[in-house]
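Colleague: Quick one: the structure is below, questions incoming.
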Amino acid sequence: MKSITFYKYQGTGNDFIMIDNRNLEFPKNSKLIKEMCDRRFGIGSDGLILVENDPESDFQMVYYNADGNESTMCGNGGRCIVAFASFLNIFEEECTFNAVDGLHEAKIKNETILLKMKDVDHISETENGFVLNTGSPHFVQYVEELGNFEVFNEGKAIRNSEKFRENGINVNFVEVQDENKIFVRTYERGVEDETYSCGTGVTAAALTWLRNKEADSVQIMTLGGILSVYAEQFQGTFINIWLEGPAKQVFKGEILI
Ligand SMILES: N[C@@H](CCC[C@H](N)C(=O)O)C(=O)O
């Protein structure tokens, strides 16, 4: 048996097991990762993230969903790994890191982490919503009374519909609160449940709200707290997209594998 040190982080309630894997000793086994993320039989989390060395930036982010599979970009996980890399003294105030969708910049500002997301040059409009990729694929639908909305059942049905079943999609429901504030709840692919917040999801929701408007920022309420998205629109493309919000270390532990 081998003992592995892990840390638990949460970013607006989206929670992750974090492991410093700069020595490449962690076994990347999806059965093990799924067991570690299990909320009854394991540590419990929405995903697991490894910090590894990267030749062209401060570190590499390797992200797994709670189902044990390596997946596309995680925005809240990206903010949490920045807090973790700072805790590990990998950088001081600003950093760059590589993730599955390319190079990201990030900054620590007081109690929050600002993470630069990839540019978004295409938003498709369907009969009941929008589809876009903010590092991960997202469906965004505007609804009323989101507090009482059946996010799990409706999200699961869309994620498993014929159009999206094969590759999967994250499903975000949005209620407009006012011109500068929206409320978002997300059914996440790979967790196959509603999570308290999804960083690439709120970014997707924010861009659908900001498109064709003069405004360049919006505040987003989630079940786990408040996030902000800043973005510029240039010739039909969203550039300089920044996701801002808190990311906190919750505990440290050891597991035997
Ligand atoms: N929690 C996430 C999204 C993680 C990826 C997602 N589950 C997928 O597989 O697409 C976030 O904060 O962005």
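Cβ coordinates come from backbone N, Cα and C, glycine included.
Not measured: the values here are computed from a predicted model.
As listed in TrEMBL for this protein:
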ACT_SITE  CYS74  active site, proton donor
ACT_SITE  CYS74  active site
ACT_SITE  CYS198  active site, proton acceptor
BINDING   ASN14, ASN65, GLY75, ASN76, ASN170, GLU188, ARG189, GLY199, THR200  substrate binding site
Colleague: Sorry to bug you, but what's the C-alpha spacing from CYS198 (active site, proton acceptor) to GLY75 (substrate binding site), rounded to the closest Å?
Modeller: 7
Colleague: With a 10 Å radius around each C-beta, find which of these active-site residues (CYS74, CYS198) has the fewest other C-beta atoms nearby.
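Modeller: Across CYS74, CYS198, these active-site residues, the one with fewest Cβ atoms within 10 Å is CYS74.
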Colleague: With an 8 Å cut-off on Cβ distance to the ASN14, ASN65, GLY75, ASN76, ASN170, GLU188, ARG189, GLY199, THR200 Cβ center, who else from the chain surrounds the substrate site?
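Modeller: For the substrate site, the extra neighbours are ASP46, GLY47, CYS74, GLY77, SER136, THR186, VAL191, THR195, CYS198, GLY201.
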Colleague: With H, G and I counted as helix, E and B as strand and the rest as coil, say where DSSP puts ASN170 (substrate binding site).
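Modeller: Strand, per DSSP.
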Colleague: Near the Cβ of ASN14 (substrate binding site), how many other Cβ atoms are there if near means within 10 Å?
Modeller: 31
Colleague: Give the three-state DSSP assignment (helix, strand or coil) for CYS74 (active site, proton donor).
Modeller: coil
Colleague: Please give me the CB contact count at 10 A for THR200 (substrate binding site), counting all chains in the structure.
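Modeller: For THR200 (substrate binding site), the 10 Å Cβ neighbour count is 29.
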Colleague: Return only the integer: C-alpha distance in Å from CYS74 (active site, proton donor) to ARG189 (substrate binding site).
Modeller: 11
Colleague: In angstrom units, rounded to an integer, how far apart are the Cα atoms of ARG189 (substrate binding site) and CYS198 (active site, proton acceptor)?
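Modeller: Taking the Cα atoms only, ARG189 (substrate binding site) lies 11 Å from CYS198 (active site, proton acceptor).
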